[in-house]
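Listed features, source TrEMBL:
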| type | residues | note |
| --- | --- | --- |
| TRANSMEM | 21-38 | transmembrane segment |
| DOMAIN | 25-468 | domain 'Major facilitator superfamily (MFS) profile' |
| TRANSMEM | 73-94 | transmembrane segment |
| TRANSMEM | 106-125 | transmembrane segment |
| TRANSMEM | 131-153 | transmembrane segment |
| TRANSMEM | 165-184 | transmembrane segment |
| TRANSMEM | 196-217 | transmembrane segment |
| TRANSMEM | 282-303 | transmembrane segment |
| TRANSMEM | 318-340 | transmembrane segment |
| TRANSMEM | 347-369 | transmembrane segment |
| TRANSMEM | 375-402 | transmembrane segment |
| TRANSMEM | 414-437 | transmembrane segment |
| TRANSMEM | 443-464 | transmembrane segment |
| REGION | 503-522 | region 'Disordered' |
Amino acid sequence: MAEEALIMSSGKITSHLTSSLLAVALLTSFGSSMLYGYNLAVVNSPAGYIKEFYNHTVVSRNGTGLNEEALTLMYSLTVSVFAIGGLIGSLMVGMLVTRFGRKGTVVNSTALVFLAGTLMGFSRICSSPEMVIFGRFITGIHSGISLSVVPMYLGEIAPKNLRGFLGLMPSIFICAGVFLAQVLGLHELLGKEEHWPLFLSLVVVPTFVQLMLLPWFPESPRYLLIEKHNVHATITALKWYRAKCNIQAEIEEMQEEQRSLSSVETLSVWQLLLDHTVRWQVLSVVVINIGMQLSGIDAIWFYTNDIFQNAGIPAPEIQYTTVGTGAIEIVAGLIGCFTIERLGRRPLIIGGFGVMGMCCAGITLSLILQTHVPFMKYISVGCVVGIIAGFCIGPAGVPFLITAELFKQSHRPAAYTVGGSLNWMSNFTIGFIFPFLQRSAGSFCYLVFSAVCLSVAIYVYFVIPETKNKTFVEISQMFATKEAVEESQARSHPDQLKLKKMNGYGSLENGSLEFDSSTSCP
C-alpha cells in the first residue's frame, strides 16, 4: 500500500498552505507559545494584590508581617522562578522529543499547565504563597519545552517554501499572549483584587483546547521516517499535511538527509559541541539566542511604564498606552510572518536587530537631553515603540526558526537544547543585573543593549546564509563549503592565499581568490 502511494503521487511538491498545516500551527501556537507571552506579563497588573496576599498570609501564620525588602524579594522570586523553570524545561527538550516525538511532547506537556493552573487558582483559598511560586515554576518548565518543540515541530511538517511563515506563527502568539495579559489586567476586567487567582490560572483554557484537538493530527513526517523508520506512517502524515504533492519526491529528500547522517541516533549536547562539522551552526545559534535576550527587550518591557511616565503621559492612561504597545507587537509580528517568505530570514533578523540598536541609542540620547529639550520625551516613547516593533518583526521568532533550519535531524534536538538553555539563562541574567546596571550607568545603560544588537546584526550579515526555500541538506552543504574553504586555506600557502570575499552561502565567489604579489615566487 505504501509503495502504491509513492507511485501514484505525481507533480511538484506543493507550495500551498493546507488547512491541516494551518490548523496545527494555530493549535500548537495558541495552546503553548501564547502561554509564554501571557506568563511574562500576567504578574505585572496584580503585583500589589499578590504582595498583599503574601504579607497577609505571613501575618496569619507568624503574627508579624514582612518588611519591604523581604516582600520585594518574595515577589521577585515569584517573577524570576518562571525563568528558572524555563531553563529546566529547555534542558529536557532533547530527551522528550526523542522519546515522545514532536507532537507527542507538545501533547504530554499539557499536564504541566493543568497542574500549574490548579495550584495558582486555589492558592488564595489555601492561603499558600508557595502554591503561586511553585505554579509559576511549573509554567516556566512548560514554556521552556514549548519554545523549542513547537518551532521544531512546525519546521519539520512544513514544506520548505512555507517554513518561514509557519515558523514565525509562534512568535505572533507570544505577542498575542502579552497583549491578552495586558488587556485582561485592566481594572475593568480582571485587574481587581478578587480576580487575581483566576487571572493567573486562565492558562488552562487554551491548553485544554489544544489537548482536545491536536492528538487527531499526525506526528512530524521527518521524525517518523528518519528516526522511527516508518514509511507507511510517513506517507499518511504527508498526505494529511499536503495537497496534490509529489510524496515520493519529498520522501526521497528526507532519505537523502538520512543517508547524509553519519548516524541516525540523536546526538547529545556534548556530542553536538564536539562535532567540528557543525561548529559555525552551533556558534550561530549561540550568538542569536544570547543576543535575543541581551538586546534589552525584557528591560524595555519592564520599564515601559516609567518611560511613559517620564514622557508626561497621565498615570491613569499609562495602562492603556501599554496595551497599545501590545497591539503594536502583534502588528509587527504579522508583518514579519507575512513577509519572511518574500524577504528571507536575514533581512528580518538583521533589520530587526539594527532598528533595536539604533533605538536603544536613541533612548540614551533622549533621556540625556529631555531636561533641556522638551520634545525629547516623545522621542523616547518613539524609541520604545521602535525597539518593540523591531524585536517582534524578526528577533522574536527567527532565531527559533533558524535553529531548526541550520541542523539535520540527528543534531536538531541538541541544538534546540543549547539555544533554549542559553536563551533562558540570558533572560534570567538580564532581569537580575539590569537594576544594578541602570543604577551604575544611568541613561548610558541602553548603550550596552545597542552594542549587543548591532554586533548580532553584523554577525548575521557576515556568517549566516539565507535559508529561504532551501532543504535541510542544502543548508548543511552551505556550511560544509565554508568549512572546506577555511581548511584548504589553512593547509595550502597560508601566507600567500587571501580570501577576499565570500558570497551569501559561505562559499567563494568567482575570482575572489588572489595571491599576495609581495610574497609570490618570481
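Backbone N, Cα and C atoms are what each Cβ position is placed from, and that goes for glycine too.
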Six or more residues out from either end of the transmembrane segment (106-125), which same-chain residues have a Cβ under 8 Å from its Cβ atoms?
28, 31-32, 35, 53, 96, 100, 131-132, 134-136, 138-139, 141-142, 145-146, 149-150, 153, 196-198, 200-204, 207-208, 210-211, 214-215
Counting CB pairs under 8 Å, which listed stretch among 282-303, 347-369, 375-402, 443-464 touches the transmembrane segment (165-184) the most?
375-402
With CB pairs under 8 Å as the measure, which of the listed stretches 21-38, 131-153, 196-217, 318-340, 375-402 comes out on top against the transmembrane segment (282-303)?
375-402
Kindly state the mean pLDDT of the domain 'Major facilitator superfamily (MFS) profile' (25-468) in the predicted structure.
85
